[in-house]
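Participant: Please see the structure below; I have some questions.
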Protein chains: 2
Amino acid sequence: MISAEASATTSVRVALGDRAYDILIGRGLIAEAGRAIAERLPRVRAAIVTDETVGGLHLAALTASLDAAGIESVPIVVAPGEGSKNFATLETVVRAILAARLERGDIVVAFGGGVVGDLTGFAAAITRRGMRFVQIPTSLLAQVDSSVGGKTGINTAEGKNLVGSFHQPDLVIADTGILDTLSPREFRAGYAEVAKYGLIDDPAFFAWLEQNWQGILSGGPEREHAVATSCRAKAKVVAADEHETGERALLNLGHTFGHALESATGYSQRLVHGEGVAIGMVLAHEFSARMNLCSPDDGIRVEAHLKAVGLPTRLSDVPGGLPDAQDLMKRIAQDKKVSRGTLTFILTHGVGKAFIAKDVPPAAVEAFLNDKLAG
Amino acid sequence: MISAEASATTSVRVALGDRAYDILIGRGLIAEAGRAIAERLPRVRAAIVTDETVGGLHLAALTASLDAAGIESVPIVVAPGEGSKNFATLETVVRAILAARLERGDIVVAFGGGVVGDLTGFAAAITRRGMRFVQIPTSLLAQVDSSVGGKTGINTAEGKNLVGSFHQPDLVIADTGILDTLSPREFRAGYAEVAKYGLIDDPAFFAWLEQNWQGILSGGPEREHAVATSCRAKAKVVAADEHETGERALLNLGHTFGHALESATGYSQRLVHGEGVAIGMVLAHEFSARMNLCSPDDGIRVEAHLKAVGLPTRLSDVPGGLPDAQDLMKRIAQDKKVSRGTLTFILTHGVGKAFIAKDVPPAAVEAFLNDKLAG
């Protein structure tokens, strides 16, 4: 790699043996994408899967970058939004890859947010029993979370992400400049996952976020630092527990509550994923305090920061109301982090001290939710 | 395992590290299935995927066996035939598994022939990003080939088995008695894959088959020996090359020609898979002889044996006619064993001496097919 790129680009390695890969992070990396791919994966053809929104804004730039590196590509454009994570769109994408006559050594590029990444990664996993796969995430959420780690999947009426594969990318390219085109709401939703890494096991990072969050939103150099720190944290966990048999579950901090809220609001624009996670993380701290695992001050501190950033933090922040606690518990029970009828939650001993709690009594969670809904 | 079972059962181990598993082979094993599963996979619930034909004949016996071992099960019944290997049926099976609230440690049982095994294995691979999976193959083809090795998948209009996963079973139970209910045609089709193991690298086994094939068809002890020898051969190849990056391709002997013939006959009852493989294996020997790789006598010997068993061996044996050589070549080119525009074929230096030939000239294959079609 020539020095001009190296000086602007942070590289994070995901250490997965012979499936190890790099995450490149920097402003303006779309223009370098073709060269970065060609250096690592010579002589490939590419299918670029994107949605109408991202494609309309940025597909021409990506295609030009690939062309310049001699990489022939075909675009596959899906409708934007969570609704595309279904069997019908999966079939459409898979068949378009086959129709383009891509071979097993060729690449499928996911160019979009979490929906495009999850759908495309799954399509790459099952086409010809596994094609190479490059993630070019265009939302903050995808850059710091879903593009790294190999979880791919779609939704069914039975639940979210219950169908999918583990399929690691060969390369992740996170252009932090592309985040300038996100709506403030979508940017903030991704920020919830950034804060999560501090809350799991890095209290110094959380304290840094409390001081520097405005630079992340405004596009200062703090943004690259936050994305790189998040990717490093995720890469470490993924390398230690690729298939989530153990500590990878820590990444679900705030997600069990969050998924129940997303489910209760029909995965609609009433509450996007990161917003559910923000409320879920506050609830996880509050429930932990109620179980005497941490101080109530921890929940107050977490809520204060997320609120300052502009994220929802309480059940009453969800527009349009929520069902009762019993209904939310049913949604939690169908969540995939259920094992043999008992509940597994990520709880915490305080900021940066999250842990996996097995055998959490469902009755205690329901009583807690009942109180929160009332108050 | 108690001695009564051990005396009747042959066990073949597939050595895949922490994903190693046993293939149990013997007459009457359905009655032992519940116990065999419970010994290896304690405290699971099961979904049994089967088709209307196999289910009608044998589902009650399997369910009773599981019940007796304390394994609760739900049946999921699909239509028989290759037509069920599609996205729509995949979605139906996956959602039925989710609706039954099976968890990641529970098992999905494939109870049927190759279609049910491929479809069910794929459903198990992608439900909750990978559920445990037990194969109980009920056709000879599935017992000696498709149930072992972890290849799963479905078809699309673009081709056969172009969508799928590698997902190893946790256990394979081959009840050779259940093969008594197969039609003679279906039994013979499976026999083509048995003969294949001799032709790849075991000339002594091929010679044994030439002497003992009648006992295999009639259900004598020769049948268990043939199934066990075939499974051992396949297990050895799979353990050495799980994801088909090398020598596993040898298992495709006869399959490139065979798939083109299946495709040309619309995957219909005009030509079932094993019949295509039988003709394909004869063609592979004849083409090898034409390339001066082996003697014409090898092709004559192979054809004589397969014909004695009652299998089709020539292009003119395909009822309803075939398209021209150019059309067949197009079907071969879309086959997944194409790499960067050149053809990879399994060719042979003689009976039991197959090898992977890369860069086979497409023009030579087309000329050969042209001559064979002309008679």
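Backbone N, Cα and C atoms are what each Cβ position is placed from, and that goes for glycine too.
Pulled the feature table from TrEMBL, pasting it below:
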type    : residues                                                                                 : note
DOMAIN  : A:76-188                                                                                 : domain '3-dehydroquinate synthase N-terminal'
BINDING : A:GLY114, A:VAL115, A:VAL116, A:GLY117, A:ASP118, A:THR138, A:SER139, A:LYS151, A:LYS160 : NAD(+) binding site
DOMAIN  : A:190-338                                                                                : domain '3-dehydroquinate synthase C-terminal'
BINDING : A:GLU193, A:HIS255, A:HIS273                                                             : Zn(2+) binding site
Participant: Which one is it, among the binding-site residues A:GLY114, A:ASP118, A:LYS160, that lies nearest to A:GLU193 (Zn(2+) binding site) by Cα separation?
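Facilitator: Out of the listed candidates, the nearest Cα belongs to A:GLY114.
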Participant: According to DSSP, how is the domain '3-dehydroquinate synthase N-terminal' (A:76-188) divided among helix, strand and coil residues?
Facilitator: 47 helix, 35 strand, 31 coil
Participant: Do you know the mean pLDDT across the domain '3-dehydroquinate synthase C-terminal' (A:190-338)?
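Facilitator: Taking every residue in the domain '3-dehydroquinate synthase C-terminal' (A:190-338) and averaging pLDDT yields 94.
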Participant: For the domain '3-dehydroquinate synthase C-terminal' (A:190-338), jot down how many residues DSSP puts in helix, in strand and in coil.
Facilitator: 109 helix, 1 strand, 39 coil
Participant: Between A:SER139 (NAD(+) binding site) and A:HIS255 (Zn(2+) binding site), how many Å separate their Cα atoms?
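Facilitator: Each residue's Cα considered, A:SER139 (NAD(+) binding site) and A:HIS255 (Zn(2+) binding site) end up 19 Å apart.
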Participant: Suppose we draw a 10 Å sphere around the Cβ of A:LYS160 (NAD(+) binding site). How many other Cβ atoms does it contain, all chains included?
Facilitator: 20
Participant: If you take the centroid of the Cβ atoms of A:GLU193, A:HIS255, A:HIS273, the listed Zn(2+) site, which other residues of that chain have their Cβ within 8 Å of it?
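Facilitator: The surrounding set, listed in chain order, is A:LEU141, A:ASP145, A:ALA192, A:LYS196, A:GLY254, A:GLY258, A:GLY274, A:GLY276, A:VAL277, A:GLY280.
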Participant: With an 8 Å cut-off on Cβ-Cβ distance and a minimum sequence separation of at least 6, pull the same-chain contacts of A:VAL116 (NAD(+) binding site), or say none.
Facilitator: A:VAL49, A:THR50, A:ASP51, A:VAL54, A:VAL78, A:SER84, A:ALA110, A:ALA142
Participant: Once near-sequence residues are set aside, which residues in the chain of A:ASP118 (NAD(+) binding site), 6 or more away, have Cβ atoms under 8 Å from its Cβ?
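Facilitator: A:ASP118 (NAD(+) binding site) has long-range Cβ partners A:LYS85, A:SER146, A:LYS151, A:THR152, A:GLY153, A:ILE154, A:ASN161, A:GLY164.
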Participant: Rounded to the nearest angstrom, how far is the Cα of A:GLY114 (NAD(+) binding site) from the Cα of A:HIS255 (Zn(2+) binding site)?
Facilitator: 15
